[in-house]
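Residues or ranges marked as ATP binding site by TrEMBL: LYS159, GLU243, HIS278. Taken from TrEMBL, the feature Mn(2+) binding site applies to ASP631, LYS800, HIS830, HIS832. Under the heading substrate binding site, TrEMBL lists ARG703. Residues or ranges marked as domain 'ATP-grasp' by TrEMBL: 163-360. Under the heading domain 'Pyruvate carboxyltransferase', TrEMBL lists 622-900. For 427-461, the entry in TrEMBL reads region 'Disordered'.
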Amino acid sequence: MTSVSLRMLRFTVVRGGLGMLAVRRTCVSPRLSHSTPQSNIRPIKKVMVANRGEIAIRVFRACTELGIRTVAVYSEQDTGQMHRQKADEAYLIGKGLAPVAAYLDIPDIIRVAKENNVDAIHPGYGFLSERADFAQACIDAGVMFIGPSPEVVRQMGDKVEARALAISAGVPVVPGTAFPISCLHDAQVFAETYGFPIIFKAAYGGGGRGMRVVREYEELEENYQRAYSEALTAFGNGALFVEKFLEKPRHIEVQILGDKYGNVIHLYERDCSIQRRHQKVVEIAPAFQLDPHLRNRLHSDAVNLAKMVGYENAGTVEFLVDRQGKHYFIEVNSRLQVEHTVTEEITDVDLVHAQLHVCEGRSLPELSLKQDKIRVNGCAIQCRVTTEDPSRGFQPDTGRIEVFRSGEGMGIRLDSASAFQGAVISPLRLPPGESHRQREGPADSSLQDEPSPGRVQSARGQGHVEVFQCEQEVVEGLDRDFDQLVVVDDQVLQIDQPCKKMTNENPLLCLSSLQTNIPFLQNVFSNHQFLNSTVDTQFIDENQELFNLKPTQNRAQKLLHYLGHVMVNGPTTPIPVKAKPSSIDPVIPPVTLGDPPLGFRDVLLRDGPEGFAKAVRAHQGLLLMDTTFRDAHQSLLATRVRTHDLKKISPFVSHNFNNLYSLENWGGATFDVAMRFLSECPWKRLQELRALIPNVPFQMLLRGANAVGYTNYPDNAVFKFCEVAKENGMDIFRVFDSLNYLPNMLLGMEAAGAAGGVVEAAISYTGDVSDPMRQKYSLDYYMQLADELVKAGTHILCIKDMAGLLKPQSSKLLIGSLRDRFPDLPIHVHTHDTAGAGVAAMLACAEAGADVVDVAVSIALEKVFDYSEYWEVARGLYAPFDCTATMKSGNADVYENEIPGGQYTNLHFQAHSMGLGNKFKEVKKAYTEANKLLGDLIKVRHEECDPPSKIVGDLAQFMVQNNLTRAEVEERADELSFPLSSLEEGLRAAHNDEITPEDVMSAAMYPKVFQEFKEFTVTNFGPVDCLSTRLFLDGPKIAEEFEVELERGKILHIKALALGDLNKAGQREVFFELNGQLRSEMKFHPKAQKSIKGQVGAPMPGKVVEVKVEVGSKP
């Protein structure tokens, strides 16, 4: 297991003409022709790195190139770290200590070095790298310290003393106190002298802790107390000093290199202005758009200060540059820094090679490192990628790296560490009150001074995966706007070229189950100000658009996550019966090449809704609406048929059934079920089917003022819904209200008409118009309702017989009467053949003058067999939902119970879930009694889309469950707790994601369902709609190989390898092979096991509302 302080990668650039770093670094190799006395040289044969992760590996590589043997040290928690394996030898330190504390155990590190004949210790960065006592301990033990002398480390580590030295060297400093202040009064005096704003800084540490900006006198006392408390907690000393605060400065640092003989050179500068909370995020070398005179002053001041203190080895002098171009010394980092790679890339100097040779006693001239030979060759950018979520205030994330791909190629240098597929990022924390940092500059990166492999902020236990990427591009002789260029040593450097590489997904692609700041960094590198102007330390704070993040898809891994979940826990959608999907996929009938023939939709597009209605009425013969794509499977399979199977047969329908009046394929219950149970977008279904069937009109069910929801919505929401539906390919809006409530219907009709759709007003049919004893829903009732709908401007009139109650005799009476009254209006009859008399009823309707009737499969006989065969086999895929055990054929008891066809299967499903599957006959009888109790309601569809039907169904099951008769319910009405039938929530107030107009409508109709759908598809499991139905419901079998098409031309080849046993944590491991590559195991919580104490299963998903028992209760 790797720790959270994991530095995954460092990316840097290789200059165009040189392909091997070793070739470029030969200039640093020792030369024998210079005058360094051989007696002063102590050859290094073995080097220990007192650090971990990326920087340790970086130093090991340099040692190996120079033929030096390497030694790693590691904590107990780092036994799996890569740096341990990269060294020639590795030894445990800090046994029994916390992870960070182990790397701070100076006595143990020195012990290991002496026991194993180590010649020199490289401290890396972070941990002990700037501890003077560690440098002294090395020297006392006879081990060389690869860095400055202990005295210089001490001087530079004390900010007050470093400031005084800078003043002595003539280097400008920010006005501030010469020594730490002792009380609030000292701060008040300073503020009165220099004015606001001022800044408090911890005297013995940095990284943003103990730093407080004060802009007004009223804020002074509070910020003083907070800064003191933070410094005391983080560094063990609350001493503060005060400086004048510079508004929006640039942060520029100069890389220096010195030897034991007083030679000091600079290797140009880096711009580290892009920071968050004083922590570096992006570094650029050389600094962009820096005045040449200012650049020279920065270089000379850095070198002069280093010479004055006798600096040797590598270090960095840091400055702030104000808006007037004045520079001020901040501090010296007496060590190698994280961002040293960008300097290496623009100067062709291997800094670690140089460190090792200088430590041996060689001079800079001997290494051919003379100031006049150091040239800038291009520019380089480095960024820091962490496992933090920028959208949540950079909250740290932990977990396992499920997928890892690094950037490679021209212009990118890869410094790898412990980043690999399967690595676990877990938080590391320091013991209370302990800090591994002695000091830190005011703008040091949170990554830089912490444990090098990628580190953790000790105060927050922050987990980081760090990727460092640098790029270099040299452009000469281009005629471009000078504002976009920076000129150094007569070379033209263009910053936008490396940024283009940085923003591409190919160079930097680290996909995992973890959140990273990669989208945020990509926004930085494409920001106009960043590319075309200078930036300052307030850049991130002032550009909030950087936080408009584009989420990563990671579709393949999310699909594996879903498949593994199904293999362990079963399907995510509730299954009513214990049946497996068929293993046989339906055969797709062949389709001729070319465009499909013209159909009625072409008439609609040419002549509009009125012309379409006239063409329907003028058509010779009976037209058909195919309900197979929606209403038929709603009645049989509880609306569970997936877009995946609808799409496969769509081209056949388009080419062979172009003469259909319409195809009912959307709206109603299928809208929310698509999101709720199938985890697919209903709008995407409409768009894809429209593209495959361009010639047949589409018809949807619109619930009047309820649109496709279960409650009244604002008028503008209904109008907008119809508009968006029409734009996405919907043609005919069948508008109805479950109670035939005219005002609700009129609103839906108006909305559909305003959107440009065909308005088909539907009257919900119940009762029996041919029975003179049933007068509540008489012929006059329907005729009066039809008059109002025609008057309101419906293009087509529909009779909606959802329970299949329309008998042949009633059909002739009702349809004949309507035809006589409205001779020019098309009439459509929509029914369910629940009783088995549907064909006779439809023939009677046709004889009476109906223009359109419904079929579940089109009756174009020459093609019907192929079409029927496809759906017959496809139905087998949905065997878990095919719970019509009591309805294998027509059932005339519907004339008694009046259960709508769409509700029948849902009611059966619900009865099974409640343990009433064996009493479904009683439930049907109770349905009749419940309907009478509630006043003989119109029941048009299944319980989810028709509140009256749901209320009747709920009451029927309640009666059976509690063994109640109708008389008993009436008698005990006051004391019974009846089931609640609630409606969906209203419009959501806001949505955080960037959403389409279609998403807005989905959220408006079903806010909670939409939110769960987005979490399922975006956050958890990805685009499961591209899986076959059997895989979606049942998952793959072990050793099964299959393909998944994410999009055109992008196909995944997947093989399920193994399913592990249940472990002690109640988890299983699932292994896959994806595109020939082994994916690390994923863990999923299994379902409740009866054999395991404490696990309790539930018959259906839901929420525990109340616990009725207590510990110790007896049954």
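For all residues, glycine too, the Cβ spot is worked out from N, Cα and C.
TrEMBL: automatically predicted annotations, no manual curation.
The binding-site residues in question are LYS159, HIS278, HIS832, and the one with the fewest Cβ neighbours inside 10 Å is HIS278. LYS800 (Mn(2+) binding site): 26 other CB atoms within 10 A of its CB, across all protein chains. Of the recorded residues, LYS800 (Mn(2+) binding site) and ARG703 (substrate binding site) place their C-alpha atoms 12 Å from one another.
When the neighbouring Cβ atoms lying within 10 Å are counted for each of the binding-site residues (GLU243, ASP631), the highest count belongs to ASP631.
Cβ crowding, taken as the number of other Cβ atoms within 10 Å, peaks at ARG703 among the binding-site residues ARG703, HIS830. Nearest by CA distance to ARG703 (substrate binding site), out of the binding-site residues LYS159, GLU243, HIS830, HIS832, is HIS830. Ranking the binding-site residues LYS159, GLU243, HIS278 by Cα distance from HIS830 (Mn(2+) binding site) puts HIS278 first. For the pair LYS159 (ATP binding site) and ASP631 (Mn(2+) binding site), the C-alpha distance works out to 77 angstrom. A separation of roughly 61 Å, to the nearest angstrom, links the Cα atoms of HIS278 (ATP binding site) and ASP631 (Mn(2+) binding site).
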